[in-house]
Amino acid sequence: MAFKKEKKKSTPWGGHYHGGNLFLDRPFPVRLTGTKYACGRGGCGACTVMVSKHDPVSRKIRHFSVTACLVPICSLYGAAVTTVEGVGSIKTRLHPVQERIAKSHGTQCRFCTPGMVMSMYTLLRNLPQPSEEQLMGALGGTSDMGKTLHPPEARWEVCLRLPQPTSSQPSSGPPSVVSELHHKTVTLIIWPSLLPEGDRWSLHPESGGSVIGQATPEIKGSQGISRLPLQSVDSHQALQDPVGRPIMHLSGLKHATGEAIFCDDIPTVDKELFMALVTSTRAHAKIISVDLSKALELPGVVVDVITAEDIPGTNGAEDDRLLAVDKVLCVGQIVCAVVAETEAQAKRAVEETKIAYEDLEPVIFTIEDAIKHSSFLCPEKKLEQGNVEKAFEEEVDQIVEGEVHVGGQEHFYMETQRVLVIPKTEDKELDIYVSTQDPAHVQKTVSSTLDIPINRITCHVKRVGGGFGGKVGRPAVLGAIAAVGTGYPIRLVLDREDDMLITGGRHPLFGKYKVGFMNSGRIRALDIECFINGGCTLDDSELVTEFLILKMENAYKIHNLRFRGRACMTNLPSNTAFRGFGFPQGTLVTESCITAVAAKCGPSVREKNMYKTVDKTIYKQAFNPEPLIRCWNECLDKSSFHSRRMQVAEFNKKNYWRKRGLAVVPMKFSVGFAATSFHQAAALVHIYTDGSVLVTHGGNELGQGIHTKMLQVASRELKVPTSHMHICETSTATVPNTIATAASIGSDVNGRAVMLARSLLKRTWEDWIEAAFEQRISLSATGYFRGYEAFMDWEKREGDPFPYYVYGAASSEVEVDCLTGAHKKIRTDIVMDACCSLNPAIDIGQIEGSFTQGMGLYTTEELKYSPEGVLYSRGPDDYKIPTITDIPEEFNVSLLPSSQTPLTGLGESGMFLGSSVFFAIADAVATARRERDIAEDFTVRSPATPERVRTACADRFTEMVRDSCLFS
């Protein structure tokens, strides 16, 4: 193990010493890598370990799950510390907890999975048969010492009741399905040996006890027979064909044991140096001087501090510098970097680097101020159809106007930005091991920055601990500059605070709408104008604006329609791509408008205005809304929406201080990029003489299971078991010129590339491999998918920008405490059109995860800045991501059966469905305001934090304090 004191400090063997606190990160020469350092504040649970002490009173050993980054060393006298490596290993044997998390598809990026293992393992050591409440407490963070709050990647599928383990050996046999836990209904795919005995749950005999060939297996419990939603597998499909089956994540077992290697787990390289970044403390200022004298006098600082003058090639773009030149545009902008022998020395040198500034005007932080100063990053984007002005004047009975405010969102990937750059001894070659979604972009940027040919630079991505659009790779470029300058390997790992300070996130939005409608609820005209906060540089803000406008109509057909959007320039870190890419913000404006009309005309407004038949969007792309209508109707049916609406009304009549709300939202999400070149993909397949297969493709494993899916596709195409196949990593040396793993398109396009590679090998595979080799037939092939046709002409305001759409619907019910503003999520039902899902278990996890992340955007995650533009919320104690305790008590996800839609991507689409929780809260608050005879007209403000909800539930107490609220 290793120890930590205050900030990270490195020992010669590459471990970290934090003398005040226990932490196990990059430890002594045994290199235990399972326990992760992710936040340093005890809020994420990635560093959870078990501490065992002898209780002198009971004379028994007591076990505690603790977050190692907060536990004082002095409290561990006479204690034993167990890490995830002490629980089980794929090299020896697994503990049932580890096995069940993996086989129940309870991991995604996995960075925090060992923490969940340790929480449950500790509970079972103390209580071999825990109650549901105790299990929930352990997973939710209520332990005796320390606090374990588990983040989005690992919070939805692992919550199964654990019977007394009978074996620590892996189970075998076909997967089955069960979905019950402590009054929370979650679709879980587990193995038959893991089903609890007795009448709690048992597979209904008619279901066949297997997913194979079954569209909706049934289970039987105390409430009768339930049908579980799974995709059907063609009855003619071979049992050996894994496509469409809930195969366990390729690295699932390694996730649960902590043996999955991430970027910073790579062992220390000889003569390795550490880098730390010097960032601006001013929002808009001229750099007068940079005083490096004290920093250079410190021991271990081996080279001059790296500034823009040390860059041999291009220093980023003219309006987006890699390192600041002459002036800074936001707090957190990188000015220079320090390289030293240890991380502690580098961070100490950062503290001693003194920068003198001269403040500049104006300083702009909000969208409203940007509008006032006409501070914009790009021209206005606009789409229009029909005659909006004429419709408002002649065709409507009523007109409603309103505003919508949507806050920003931090990516909060569990693994922060990090890179290891290793220079070769000849030809200026570089090996870059980086946590990124786009290694080809890193390769190109390093090339232009260092003025080195691209063919000398190789980027390696084994796996990434979450990305969500935020990991493009700027830290890798800085590391490469230092590696070339010093000739030594460079490691850069951002702390959570620095990561959140330096990087931008989701664009905040301010929207204004004007809607004209008939008394029947039919909308005749809609005009929406949106502004997003792009931060200090353009980055992806123009593209986000375009996508926001393209996607804003969502599921509704409105003949007279106008959308306008603009990106504002402010003195905040540049906001960038984020899961959904403008859709979650823009569509909240549309749905808020629809909700306002429904308040006047009744709840059927959504159905009246939805697309019904084959039609064209506002940008003239044809599509068939049939799957959308099916998702909507199935969601209403499965959630018993109409009958529960009456139950909610009855509850609200009987309760003054508690109100329930119920909402349902439809979704039409466009998949992919609006350009053909961004849909291309390649794959390389090698067949070796022993019959084993190596598959390489251009997608990056972010936790979404893309490697698992690619092996499923390759197994089908080559008719070889997945056990004979392997994916090593994503590398620019094997598959060049790749596209970022983003826009929900990665599995689709790379899967098609794998299929095309197979077509070149098919003629040889049926023969003996050795015979093919002897006959000099190539056993290696490259598959290249040229991509879907996609284009958008903004001058004509029309095009076919997206390959296809994903459809869905979600219904949520909440209960709001009007005295505190807190809410609990009673139930959520989601129906998604997943087409022929490559892996329904992984895809359901993606839907649940994106829904929960969206729920965080709309209800809990709030970025707070000082008047000087300094981000206050730089960790999980200030910035509240959803945890396992925020999951709806009943959570049902269904995949639309028998869909004929082409292969679709689900990674981003579920984000917006989290707004069903937001609108359910709004419904509850509207009921409270109605009961108090307060106007229901409102300005929507997201997130709906307890403070805003409490103020919105106006009463004699809130009259004493007037503040910004959800409704105004």
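Here the Cβ of each residue, glycine as well, is placed from N, Cα and C on the backbone.
Whatever TrEMBL says is automated annotation, not expert-curated.
As annotated by TrEMBL, active site, proton acceptor applies to E908. If you look up TrEMBL, you'll see Q437, F468, R579, A743 marked as Mo-molybdopterin binding site. Among the features that TrEMBL reports, domain 'Aldehyde oxidase/xanthine dehydrogenase a/b hammerhead' is placed at 257-361.
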With every protein chain in view, how many other Cβ atoms are within 10 Å of the Cβ of A743 (Mo-molybdopterin binding site)?
26
Apart from Q437, F468, R579, A743, which residues in this chain have a Cβ no more than 8 Å from the mean position of the Cβ atoms of those residues at the Mo-molybdopterin site?
G467, G469, G470, A577, F578, F581, L702, T741, A742, G907, E908
Please name the residue among the recorded positions Q437, F468, R579, E908 whose C-beta has the most neighbouring C-beta atoms within 10 angstroms.
F468
By DSSP, how many residues in the domain 'Aldehyde oxidase/xanthine dehydrogenase a/b hammerhead' (257-361) are helix, how many strand, and how many coil?
22 helix, 36 strand, 47 coil
Can you tell me how spread out the Mo-molybdopterin site is, meaning the largest CA to CA distance among Q437, F468, R579, A743, in Å?
12
Return only the integer: C-alpha distance in Å from Q437 (Mo-molybdopterin binding site) to the residue listed as 'active site, proton acceptor'.
15
Hey, how far is R579 (Mo-molybdopterin binding site) from E908 (active site, proton acceptor), Cα to Cα, in Å?
5
Rounded inter-Cα distance in Å - E908 (active site, proton acceptor), A743 (Mo-molybdopterin binding site):
7
